[in-house]
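Right, one structure below, let's go through it.
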Amino acid sequence: MNAIWIAVAAVSLLGLAFGAILGYASRRFAVEDDPVVEKIDEILPQSQCGQCGYPGCRPYAEAISCNGEKINRCAPGGEAVMLKIAELLNVEAQPLDGEAQELTPARMVAVIDENNCIGCTKCIQACPVDAIVGATRAMHTVMSDLCTGCNLCVDPCPTHCISLQPVAETPDSWKWDLNTIPVRIIPVEHHA
């Protein structure tokens with residue numbers, strides 16, 4: 001019994017010593033990240049979709065900060081994210097990436113053909129924003145409000161029952177071209 005207590009005390013002291021050494025080393029040899037990269041990464045939507053041409057949001061933030069990459073390549077974040085990054089970096093706002101607009105003129109969402117879905121959950125595992133719900137061997141469905149249209153769920157599907165379709169336009173999602181709407185200013189007289 002005495003040998004067990006000696007072993008426990010020895011392992012505890014070793015753990016304490018190694019913990020102290022690692023704690024000191026982590027502070028002494030810490031590498032500071034670029035605070036601008038951190039702020040840009042916080043602004044990005046963290047969908048890790050790769051539509052910007054980078055494998056995730058962090059590499060894209062590093063490319064913006066260090067390599068001068070365009071700030072308009074985040075399709076899921078859209079114009080709101082681009083404007084926040086432009087404000088942070090004190091640069092002029094840019095129109096959204098022309099290539100992305102040509103490829104996807106409308107907002108796209110994944111749609112599952114539920115009659116052919118076998119419930120394998122591969123699409124759920126591939127979705128970076130958890131927009132697909134369902135259980136194993138049960139029908140899956142996409143929550144269109146959360147779907148970013150990143151296309152990452154389409155390829156893993158073994159039955160090819162997932163497709164991207166444009167979102168139906170509603171008065172809320174319609175892009176009003178205010179330059180083509182005739183506007184006439186009518187002077188109003190104030191009566192005292």
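Every residue, even glycine, has its Cβ placed from backbone N, Cα and C.
Same-site candidate for [4Fe-4S] cluster 2 binding, as annotated by Swiss-Prot with C117, C120, C123, chosen from C66, C74, C157: C157. For the [4Fe-4S] cluster 3 site, Swiss-Prot lists C147, C150, C153; matching the candidates C127, C161 against that entry yields C127. Listed in sequence order, the residues L44, P45, S47, Q48, G50, Q51, Y54, G56, Y60, R73, A75, P76, G77 complete the 8 Å Cβ shell around the [4Fe-4S] cluster 1 site centroid, once C49, C52, C57, C74 themselves are left out.
C49 ([4Fe-4S] cluster 1 binding site) has its Cα within 10 Å of the Cα of these binding-site residues: C127, C150, taken from C117, C127, C147, C150. Considering only the binding-site residues C117, C120, C153, the residue whose Cα is spatially closest to the Cα of C52 ([4Fe-4S] cluster 1 binding site) is C153.
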